[in-house]
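Trainee: Reproduced below are the annotations present in TrEMBL:
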DOMAIN    A:21-81  domain 'RNA polymerase sigma-70 region 2'
DOMAIN    A:115-167  domain 'RNA polymerase sigma factor 70 region 4 type 2'
DOMAIN    A:185-285  domain 'DUF6596'
Amino acid sequence: MTLSETHRTIDAIWRMESAKLIASLTRMIQDVGIAEDLAQDALVIALERWPEIGIPDNPGAWLMTTAKRRAIDLMRRTKRRDQKYLEIARGMDLYKEEDVDHALEGEIGDDLLRLIFMTCHPVLSQDARVALTLRLLCGLTTDEIARSFLVAESTIAQRVVRAKRTLRAEKVPFEVPAGEQRDKRLSAVLEVIYLMFNEGYSATSGDDWIRPLLCQEALRLGRVLSEIVPQEPEVYGLVALMEIQSSRLKTRVSATGEPILLMDQNRAKWDRLLIRRGIAALKRSQELGSTLGPYALQAAISACHAEAPTAAETDWIRIAALYEALSRVTPSPIVELNRAVAISMAFGPSYGLEIVDELSAEPSLKGYHLLPSVRGDLLVKLGRFDEAHTEFERAASMTRNYREKELLQNRAHECES
Amino acid sequence: MRFMMIVKATTDSEAGVIPSQELIDAMQKYNEELVKAGVLLAADGLQPTSSGIRISYPEPGEKPKVMDGPFTESKELIAGYTLIEVKSREEAIEWALRMPDPHGYGQGEIELRQVYEAEDFMDNPETLAKEVTLRKQVAEQKKAW
């Protein structure tokens, strides 16, 4: 192996092991910042030594032992010969290099869960949660995170440092909260994962490979989470949603970078394996919960599209019903607007228009260009071209996206003839 | 990126000999590891080629030749596969190295192959149109059942 090959291998091993390392170390040290530093130290030592001695048979255990030795050194240096030190010393006896994996079995999952509850803690801003989770749970470098969010590396580095400082200052414990608090915090975790996913999914600019990376990382993290907390229907719901949406990753943008709407996408290019996995996860979610949660409902809607061989064969009646269920669980004007579209596809444009008209007084949709755009579309279908014209003009004046504006103006123009 | 870890066949796998409990346990543990890491997409073991069928085209443009198994040259045959989604080639290699020796007796062999992404070869509109029709037919057949 050449030096650069060894380094690439070490990179790969780091990605596979870092979250586990940091999670275990945080449990011992109770400080995620120091834990990450210790894990990084172990990585630096590996980068120095492995090119000489070769990659160890169990590289994860090697890194863990090395990091733990550093932890003890650190404790000695800071002369904190307290309970914590004794605990680590005892831990060292337990974790012999060859059976680290065995000794940690069962615990690793718990530690990872505690770590993700920490990086998604509500004391942190949403941005900080995403950056810290990508860094600590996904093993992404600050450079990779910065490139995926199209910001400077220093911005991300600062964000991560500040987040770790906040966790320390607020004395956020390394634990899984109990009872009602647990549910609330788990949905905060799911929110971070989905935010991460959407960041990658909705973007149509930026580096070609780095944006899908965010989707992949979010999906991987979701799959990992579903293994750690296998009884949570909404975790499977979110995994299902991400699997199915990922199946369309490659078809939603044209070769020239324009977004392609779901109905116009080339279904032959959808990834059948991911669809199958998504539907399996959705089924699991349905088996676990008595009623579908918001992620599972969105996944079910997504599955309707995935299962339709052609756009024309979409089961709009079912989609309309699912949107109705969704608007009951998480009432929002945006969900209502989507429901209006589904209703119009299922039962005719006049029924959709009724819902849209009710929404026109909604203050939160003021300035939301999709409202007049949808209304215009329904009016066209009803042959009311003059009104449709006004709606498209209005929608065009509301959007700042150039391509969208052009499209809406064209539609307005079509209404004139 | 996706990789397929292909486990090659051996005299035992071809004879339909069930692996030792030890190997079955080790494989199961390994698969669990893949699942826990969120990288496993699919995995299957294949029956011996004695129940396989081979279709070949010795004469281009002519009818294919259909041959029943078993087939010889076991090094060329496969006994199973595991499909993983990873970030790099090195990560795929690292995972493959962690798979237990699939057979023992010096016969174990794993081949690692990167999977083409759909866009690599699906850009021909005609192929795509055919694919749509085909899937539609499959769906209709399903409904008919």
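Every residue gets a Cβ built from N, Cα and C, even glycine.
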Trainee: Mean pLDDT over the domain 'DUF6596' (A:185-285): what is the value?
Mentor: 88
Trainee: May I have the DSSP-based helix, strand and coil counts for the residues of the domain 'RNA polymerase sigma-70 region 2' (A:21-81)?
Mentor: 50 helix, 0 strand, 11 coil
Trainee: With DSSP as the reference, give the number of residues of the domain 'RNA polymerase sigma factor 70 region 4 type 2' (A:115-167) in helix, strand and coil.
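Mentor: DSSP composition of the domain 'RNA polymerase sigma factor 70 region 4 type 2' (A:115-167): 39 helix, 0 strand, 14 coil.
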